[in-house]
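What follows is one structure encoded as structure tokens, with my remarks underneath.
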């Protein structure tokens, strides 16, 4: 049964029971209303409502009963104790984890809070220029300086509620666009290459961003060549393959260049008439049936020539005693030794065999052994040493062609000559333009040789007997050489010749600027590699000896290991800014006429240097 105190309008109170009977404390109900006089001890003033219980009036007709009399006014009644509302059941710990952060409420509230946190604005001050972005934009790359809260915390200014960076202001447009675009890096037009590369490294955008930046700016990634794993083979390979690796490597390179030059000079000198006549006399002495005039003597039989057999034996020592043959043998011995040593020490035998320079080395020494075998075969009895059959003449013709291959030894100098390497790279990069040039010349030769042939056909003294015979004239005219051995005579032929010369000038002039541009690019890139090496030697930061740095020995770049040497330039540049080294030694630009791309290339190559925060 529930009991509740219900205040009345006249100041009384009644108790409502859940049953059918109710007694009024101050009166009884009349006409459905309860009438009670004022309770004793209460003023007619504002009445304070009695505290309510948990019950409610069930029925208007239910009975009431009077409350017990109130205590005296002098005694203060005790207020009724409020009943405790039932507390909600506290969820177990696993339920709390599922519900999320109690400060945010439900899981949905936590998601909304996280989303609002990502959309929170961040103020970045770059040398006084304020930028504003969102935390979610920076959080796309958490490994960068701005994306990692722990890394950027040291730059936070609590007074201004912003991050302050004393860096280049125009460069930050490209840095912020990197975050906004999701990884696209674009250099502002008013920022130099080296400055923007330094900003990329400061904000720690990573090696991948640096590689993309280098590719966008037109830098070609050099192929890294591994070194042999064996320590002895590594040292031998560095000595014979990379002349700048040590002093002994430079000495080997000097000896190799001298041997190549001696071989080329010998190849040219042995074709002089005086040396050629002497060699012919050594190889082919007078025949037995053509002796010199006999001198009178006591014994007439002394003028008889010996039989042909004994005359073959002296030819062998005479041929091997030829000075040119001795010099050639010495050079070939060195070339063979160098080739075998490099093949033994190379890290990859298959890659060594496919290298064009190694193929040239083999071709350079191959004719010697064929010539030596042929000479020895001719000296054998019954080998046709007299040279009186057609087979020997054919073999001599083949030997001349084979010995012509010796001229390719001059390309061995490209291993030690940067100029030849630049020329080779330029031709390799300009193959398309060279193909177009040859194609244009081919079309012009066909057109103008046909035109000049028909223009000169009616003239009896013409120099053009056929269209193929006019090819030579068209090539000489289009290349503006003009030997004059073949020339048009008639007016029509001269007009054709004039048009041919003009067309040749225009045809050659079109692709030449592209080839020159490629040459300039490779030339400046090679000089960029030389500058850090010179500066490194002046500073003396690293000794040039067999004990090379382990990091350099693991991977060597394709062009003199400049990738490994670029770090020295950056260290010297940092020292120059800090004032720890003389300015005349640290400032590369002040010592040589080097453009802006030199310092950038060194910065881009050294992607492993950590940025000081």
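Backbone N, Cα and C define each Cβ position, glycine as well.
Features reported for this protein in Swiss-Prot:
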type	residues	note
TOPO_DOM	1-247	topological domain 'Cytoplasmic'
REGION	1-108	region 'Disordered'
REPEAT	61-71	repeat '1'
REGION	61-82	region '2 X 11 AA tandem repeat of D-[SP]-G-V-R-P-L-P-P-L-P'
REPEAT	72-82	repeat '2'
TRANSMEM	248-269	transmembrane segment
TOPO_DOM	270-323	topological domain 'Extracellular'
REGION	282-304	region 'Disordered'
TRANSMEM	324-345	transmembrane segment
TOPO_DOM	346-356	topological domain 'Cytoplasmic'
TRANSMEM	357-377	transmembrane segment
TOPO_DOM	378-395	topological domain 'Extracellular'
TRANSMEM	396-416	transmembrane segment
TOPO_DOM	417-431	topological domain 'Cytoplasmic'
TRANSMEM	432-453	transmembrane segment
TOPO_DOM	454-467	topological domain 'Extracellular'
TOPO_DOM	488-494	topological domain 'Extracellular'
TRANSMEM	495-523	transmembrane segment
TOPO_DOM	524-613	topological domain 'Cytoplasmic'
REGION	532-559	region 'Disordered'
Please check if the transmembrane segment (432-453) comes into contact with the transmembrane segment (495-523), where contact means 3 or more CB pairs closer than 8 Å and the residues in each pair are separated by 6 or more positions.
-> yes
Excluding the flanking five residues on each side, which residues at least 6 beyond the ends of the transmembrane segment (324-345) place their CB within less than 8 Å of a CB in that stretch?
-> 228, 233-234, 236-237, 240-241, 255-256, 259-260, 262-263, 266, 269-270, 275, 279, 352, 358, 361-362, 364-365, 368-369, 409, 412
If you average the pLDDT over the region '2 X 11 AA tandem repeat of D-[SP]-G-V-R-P-L-P-P-L-P' (61-82), what number do you get?
-> 51
State the residues, same chain only, that lie 6 or more residues beyond the ends of the topological domain 'Extracellular' (488-494) and have a CB under 8 A from a CB inside it; answer 'none' if no residue qualifies.
-> 452, 455-456, 458-459, 461-464
Please work out the helix, strand and coil residue numbers for the topological domain 'Cytoplasmic' (417-431) from the DSSP assignment.
-> 13 helix, 0 strand, 2 coil
Per the Cβ filter (under 8 Å) with a sequence gap of at least 6 from its ends, the topological domain 'Extracellular' (454-467) is approached by 473, 485-490, 492-493, 495-496
With a Cβ cut-off under 8 Å, give me the same-chain residues at least six positions beyond the ends of the topological domain 'Cytoplasmic' (417-431) that come close to it.
-> 411, 511, 514-515, 518-519, 522-523, 526, 530, 559
Which residue counts does DSSP yield for the topological domain 'Extracellular' (488-494) in the helix, strand and coil classes, in that order?
-> 4 helix, 0 strand, 3 coil
